[in-house]
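Taken straight from TrEMBL:
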DOMAIN    B:20-255  domain 'MacB-like periplasmic core'
TRANSMEM  B:21-43  transmembrane segment
TRANSMEM  B:302-324  transmembrane segment
DOMAIN    B:308-426  domain 'ABC3 transporter permease C-terminal'
TRANSMEM  B:349-376  transmembrane segment
TRANSMEM  B:396-421  transmembrane segment
TRANSMEM  B:450-470  transmembrane segment
DOMAIN    B:462-618  domain 'MacB-like periplasmic core'
TRANSMEM  B:694-721  transmembrane segment
DOMAIN    B:700-809  domain 'ABC3 transporter permease C-terminal'
TRANSMEM  B:742-767  transmembrane segment
TRANSMEM  B:779-802  transmembrane segment
Amino acid sequence: MLLQLRNIFKWVNSGGQRLFLLKDINLNVEEGEFISVMGPSGSGKSTLLNVIGMLDNFDEGEYEFLHESVHALKEKHRANLYKEYIGFVFQSYHLLDELTVKENLEMPLLYKKFKGTERKAMVADMLDRFNIVGKKDLFPTQLSGGQQQLVGVARALIANPKLILADEPTGNLNSAQSEEIMALFKQLNSEGVTIIQVTHSEKNAAYGSRVINLLDGRMIK
Amino acid sequence: MLRNYLKVALRNILKHKMFSLINIFGLSVSITTCLLIILLVYGQKRVDNFHEKGDRIVRVLSETDNGSFASTPLPLASTLLQGYPHILEDAVRIKSSFVGGDVIYDNRRIPLAGRYADDSFFKIFSFELIKGDPATVLEAPFSIVLTKESSEKIFGKEDPLGKSVKLNDIGLNTMDIALIPTENTETLIDDLVVTGVVDNTLSSHIQFEFLISMSTIPSLMKQGKSQATFDDWENYSDSYLYVLLQEGKTAQDLAPILADISKEKYAALDDVNISFGLERLSQITPGAFRQNPISLRMPIEVIYFLSFLGLVVLFSACFNYVNLSFARFLTRSKEVGVRKTMGAARYQVFVQFIIESVIIALLSLVVAIGLLQVLSIVFLDLWINQFLILDLTPDLMLFVLFIGFSVLVGGLAGLLPASFLSSFSPIKALRSFSGISLGNGKRFMLRKGLVLAQFCASLFFIITTLLIFAQLNYLLEKEYGFDQGNVVNIKLQGIEYGTLAHELGQNPAVETISASSFVPGTGGYSGSTKVKTLQMPDADLSSSYIGIDQNFIPNLKLSLIAGNNFSASIPKKDETMVVVNEALAQLLGYKEPKSIVGETILIGEDQSAVQVIGLTENYIFDLLTEADQDEPLLMRYLPDKFTYMNVRYHPTSDIGSMLLSMEEKWKKLDRVHSFKYEIYEEELKATNSIFADMMYVLGFISFLAITIASLGLLGMSAFTVESKKKEIGIRKVHGAGVKQVALWLSNSYLWLFALAILITIPIAYFMNTIWLEEFSYRVNFSIWIIAAGIAIMFVLGSSSVLSQTVKAAMNNPIKGLREE
Ligand SMILES: Nc1ncnc2c1ncn2[C@@H]1O[C@H](COP(=O)(O)OP(=O)(O)OP(=O)(O)O)[C@@H](O)[C@H]1O
Ligand SMILES: [Mg+2]
């Protein structure tokens, strides 16, 4: 088992009232799964993904990741766990404008204490694999949306994470571009990477092995 | 990792050119100011650091009721050396009165000034002797040691050793500022033999152009040419005493001995009470001010004052930096979010921003070092620099100091923004970047707070600067109460006044002539004396006095408000009459000052009775800086004290030719001294040039502070506009015109401006009143200064705000929307 959520609640206080963002979430994810999270806007998909990605806290419940209790871990431990196993893909790419494609790819490796030669090799490998060698010295603003998202995915993959979390990775792309990304996910998944993606598109959801539906912060069958 | 940080930092600096320029400019000018001050303090620290035994040399001070004196009684040295050889290895006395005048060799007469010093001088201090034996050069009477420079002036390339010279001593001094009247008498010292040449190019607080052996003085006394007091314990202004402690002994070992000596010598005396203090050589420069100083140095207070100003500028630049960095870093919250999601720890983000800040500071340092070259030229030209032993030559240590300082400034300035920004949780950081951020209340408040702070700082600086200028200008324009126009003051230099007046008075350009013991307003001083009345025999009033003749009051056009001037037939001896000023009358208890005329007052220690025959209005006779509103003054007829002749000439006459013909007459009367005169009006201006200098320094500093603050405002409004690009775009797409958008953008500034006025005015009023009240003559801190400050601030502020908002309002709306 990769991760397990048990009775997760998350809320915010608003006008003296508890506003629930997540309600009683129970979820088991096995290694090698490809899960799609669906639901109407505002139903809590991003919130759930952030909780799984340990970017956000929750208020009640238990979360185990590779047999470590995330809720009981210290901030620093949690960050290390996250750094080692999780890669994030954003809907709006979030590449750093001041860095070139190559440098954007290298950036996560810097924080993971890889050596210089190792980094070079890994970046070259990724550029190759995503077919963007020719773009390596361009800045993000010089790329199209699809290309930017490609770089975003490459950046999430570069440190070989066990789990990829993708929040609407194709939201800003045309259908040809999204198909490309989805095919890539499928291939990664077949190589053993676990993927959880948020999506509005039934078509994209079909690439996955399982669909979770959210409504008002609650999982529905 | 570091390379990555540097790369990102440089790209960011280049990307936000305006912010970077403002920051680098602001920081570099303030770093320049600070570097100058570091140089100054460092140069002061270098004074006297070349003495090998320096850590064992201490100077003995006399602590008296009149303050702390650098000088001590002459007999103290031998008492210490004879009684306590286990503590003292050696001691050297340097006579406090200067010996100086023309040094005569063959037909050459070179004016030089020096000191009498004991033979141990060169054993204690490490001044390098180029010629002569340090142990003996100052041993024999009539030995003279010349500095290399003086030796070259007198002997050129000739070997000076063994040559004999004469010295026409008129008390010339090396302080080289004519504020202190020198002696009127002259003494010819024959046959001084040159025994050594010293290189005194290393800076020291002991300054001289030659040294004469102390043993010369007893011989001079025999010749009747000197009245030194080698066994007078009550005179503590005669000589300076430096002692060399035994190895392993400290000033603490000496202190109780000095206390014992003080008790033994002074306990029985009523009117003299001296205790002795100690000061290590390294504490002298920079150090606290002592009375009767051996040389004029920059008092430590000036260093404090300058450091304070430097800190003000530095603070304003750092404040600016912090402000702008906050503003700019807020736009980089996305970067923080992404980096953190990619695994960056808080400290890594923190370090990254600090490094950026340090880079900016180092770039500023490069600019600052360039500016420093220019600035130090200007600074060294300042009039006050005559007072300072100032050495601005840089060295490696300084360079390290500079870099260290810049790194520190960069680090401190970056501290707040960096720790604020790195504290963002990744989710918050990313979210505040996206669309919601416009309504984000906290950020909105922060930005307003920053702008408000910037307004307050600028307004404070502007008001303070205006006030300083008003005050200095007031002092420069201050009426003295006499008419200094068309007057030349000629120094008598020992010539009898009557004789000279008779000779020079024949010149057709001369209108009137008078005599005085000093020239009012130029720093001269004749002394002060106790004043009592018969009705108030216990009055404890001490008044300055000036010796004048019967022409002085009309000649300087002093206004005599009651009684009479001295009559032409007043007897030269036996003082029986006096003219006083209003302040004296009031201090003696005459509610109606005029009623003092005709009364008898008692003056001096012996309480001699004199009749007040006239009353003048108060006029300023002290230096303007020291002058007090109600300072009492006695105008006494004292022909013995006449030192100056005041010549009023016809306004239409040609002063040049008048002075030329006067000089010719002078040469016939006095073959030894040159003709010395000052045009009164110009002399007063020169004396007050310290105010002009202060205007210069303060003006420069406040110009920097205001410029930096305005740039900060410019940066803030540029930032606000940038962060509202999207909103501007939306409004324009929906039909808003340029004027409406610009007004909408500027509107919030108006409220902040009003708020800033409310906050700053009381603070500025309070803070500035504190220093203003130190001045006896001061301007009125009027509402107009505040109003002018607000007006200037308004112009500066609105021009920087409008320049940005109008530009933004005129932009193509689609551009703003596309970039989101
Ligand atoms: N910090 C917060 N404070 C208050 N409400 C929040 C906060 N974060 C999220 N919410 C609310 O929680 C709900 C779920 O938000 P979330 O971003 O998870 O929705 P989503 O399912 O990802 O929607 P979308 O498909 O539009 O991205 C929304 O109603 C949102 O307004
Ligand atoms: Mg979402």
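The backbone N, Cα and C atoms fix where each Cβ goes, glycine too.
Cβ atoms under 8 Å from those of the transmembrane segment (B:694-721) belong to residues 18-19, 22-23, 25-26, 29-30, 33, 306, 309, 312-313, 316-317, 319-320, 323-324, 327-328, 331, 382, 447, 450-451, 454-455, 457-458, 461-462, 464-465, 468-469, 472-473, 728, 745, 749, 796-797, 800-801, 803-805, 807-808 of the same chain, restricted to positions at least 6 beyond its ends. Packing against the transmembrane segment (B:21-43) from elsewhere in the chain are residues 203, 286, 298, 303, 306-307, 309-311, 313-314, 316-318, 320-321, 324-325, 360-361, 363-369, 371-372, 375-376, 379, 389-392, 394, 398, 401-402, 405-406, 409, 413, 701, 704, 707-708, 711-712, 714-715: each is 6 or more residues past its ends and has a CB under 8 Å from a CB in it. Across the domain 'ABC3 transporter permease C-terminal' (B:308-426), the DSSP tally of helix, strand and coil residues reads 100 helix, 0 strand, 19 coil. The helix, strand and coil residue counts that DSSP assigns across the domain 'ABC3 transporter permease C-terminal' (B:700-809) are 95 helix, 0 strand, 15 coil. The average pLDDT for the domain 'MacB-like periplasmic core' (B:462-618) in the predicted structure is 88.
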